[in-house]
Amino acid sequence: MYFNLDIPVLFTIILLIYIIVDFIRKGKKNIVKRLVFYSFIFYMLNVFQVTTGGLNIPPYIENGYREYWKSFFQLVPFRFVIEWIEHYHIRGLDWFFWNSVKLSFYNFIMLFPLGVYLHLLFEVKSWKRALKHLFFTSLTIEVYQIIFSYTGLIMSRSFNVDDLILNTLGGMMGYFMYAIVKEKFLKRYAHFK
């Protein structure tokens, strides 16, 4: 018997306690930057939850799982497009087709906020550096999914190169959109300074 530990609930409580203590100690000093940082921590907790589904306590090992875990690697780029076409030709626009589209969209938007945070919180000015950060964040997610799956800490997940591509593209979209919005905002309201 095992139970699934919901990471955001536990750590959000810890984060709220920290925020209260921080406000008592520092008051309103740098409040905007601190609030953005707290939102970043909350976002990362939720990314961890979405990508793991929570941690199994104690680790749950499915019967024979370790023998076939190597099949959980999808290394063909843009396989999701092929899946869309296959689903459409076999079943048309049914639930399976739209579920595949939905999951791809979710992978695209998952790191969108991180692209914004790279500009806003971490002040990453180079798009190449942002690309590197986003790619390695996505790679880290894929690697810990397969390691945690193998050890039984999470239910079976796979390493999917399409997730790397979609996560990174979504993060770059967030990075560029923040830069565009910031530039337009500064141009529009520059006369108020």
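Note that Cβ sites are derived from N, Cα and C of the backbone, with glycine treated the same way.
All TrEMBL annotations are machine predictions without curation.
Under the heading domain 'VanZ-like', TrEMBL lists 40-181. Counting residues of the domain 'VanZ-like' (40-181) by DSSP class, helix then strand then coil, yields 105 helix, 7 strand, 30 coil.
Residues or ranges marked as transmembrane segment in TrEMBL: 6-24 (among others).
According to TrEMBL, the transmembrane segment annotation covers 36-57 (among others).
Per TrEMBL, transmembrane segment is recorded for 103-122 (among others).
Sequence annotations record features per position, and here TrEMBL assigns transmembrane segment to 134-152 (among others).
According to TrEMBL, the feature transmembrane segment maps to 164-181 (among others). Sequence-distant neighbours of the transmembrane segment (164-181) (same chain, 6+ residues past either end, Cβ-Cβ under 8 Å): 77-78, 80, 104, 107-116, 118-120, 124, 127, 130-131, 134-135, 137-139, 141-142.
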